[in-house]
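Engineer: If you scroll down you'll find the structure; I have some questions about it.
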């Protein structure tokens, strides 16, 4: 039975990962060893079997005893510990939610419903580093994997509507505080049916712009507004989040020689934990819409084709409908006015499940089954 070290299991992604591992009985198949950065010797989580007290996540000697390390501790931890561990001669498998190693030549970005062949080839070749992808990229590929598999995508534009969870737990809390502050500023007016909506709107706008409005984490109002920039600014005018779309899509698909152009604008919106994306796909040939729907819907068990009608789209193609589920609905599928090779689509997915935790959990299972 493989000794598997879990690090960062208390954080947001780590907690979702733990919940999924319990649901799928993954702990039955491993000898779990839990690590901490702050509570060495403390009590580990309840996973249905005896576990040792918490070990020091910075102890190279402890980490070296493991067959697999599964970390959701973040990029700073990876940058500090990973090189020391490899230098110490550790030959185990490193599975990581953080982006630090994502684009390294000796790392594979894992999304097995899309790139299982790439993963298997890497395992056969002795690759030891398996990294979770960017959440929007993973969710887009889960939705449109069928089109990429069929070699139909010439280029793609992704305009995103990204949830607060992508920025972290404190940001989710801040979004709710912002919503609460906006509501509190006009609660009395809302209770009075005779109050004028333009007066209410003016008061809300004043609240959003006030110094007292809680923006410590986002740096700007998100509740009742949006933020048209995610991550660092790059010299070419892209945000780093936008750069990831093409870089990671092609790395996941192992398209190093002839990359598919992917670009767009990434926007933070007031959703809690589901990212949505409006996609424009340039096909390299004219394919009937019914064939496209078949390719998409048959690609993996989680993608869900939503018919392009108003009622079902409003009901099923939203963050509220999808949050907390592994379902990746894709809808609004239609040929665009630009021509028969231009396809429009809209997709939604849980940023913490297929966007983060689930590909890591499944990578562990792939290792255990070998």
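Heads up, the Cβ atoms here are built off N, Cα and C, so glycines get one too.
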Engineer: For the substrate site that Swiss-Prot describes with 241, 268, which of these is also annotated: 162, 170, 178, 341?
Structural biologist: 162
Engineer: For residue 244 (phosphate binding site), what residues in its own chain, 6 or more apart in sequence, show a Cβ-Cβ distance under 8 Å?
Structural biologist: 134, 136, 137
Engineer: Cβ atoms within 10 Å, counted per site: which of 12, 135 has the most, among these recorded positions?
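Structural biologist: When each Cβ's neighbours within 10 Å are tallied, 135 tops the list.
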Engineer: By CA distance, which of the recorded positions (102, 135, 241, 275) lies nearest to residue 10 (NADP(+) binding site)?
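Structural biologist: Looking at Cα distances from residue 10 (NADP(+) binding site), the smallest one goes to 135.
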Engineer: Please list, in sequence order, every residue of the chain apart from 162, 241, 268 whose Cβ lies within 8 Å of the Cβ centroid of the substrate site.
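Structural biologist: What remains near the Cβ centre is 136, 160, 166, 167, 227, 229, 230, 231, 266, 267, 275.
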Engineer: When neighbour density is defined as the number of other C-beta atoms within 10 angstroms of a residue's C-beta, which of the binding-site residues 37, 102, 162, 241, 351 has the lowest density?
Structural biologist: 37
Engineer: Return the single residue from the recorded positions list (10, 73, 166, 268, 275) that has the minimum number of other CB atoms within 10 Å.
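Structural biologist: Per-residue Cβ counts within 10 Å for the recorded positions 10, 73, 166, 268, 275 bottom out at 10.
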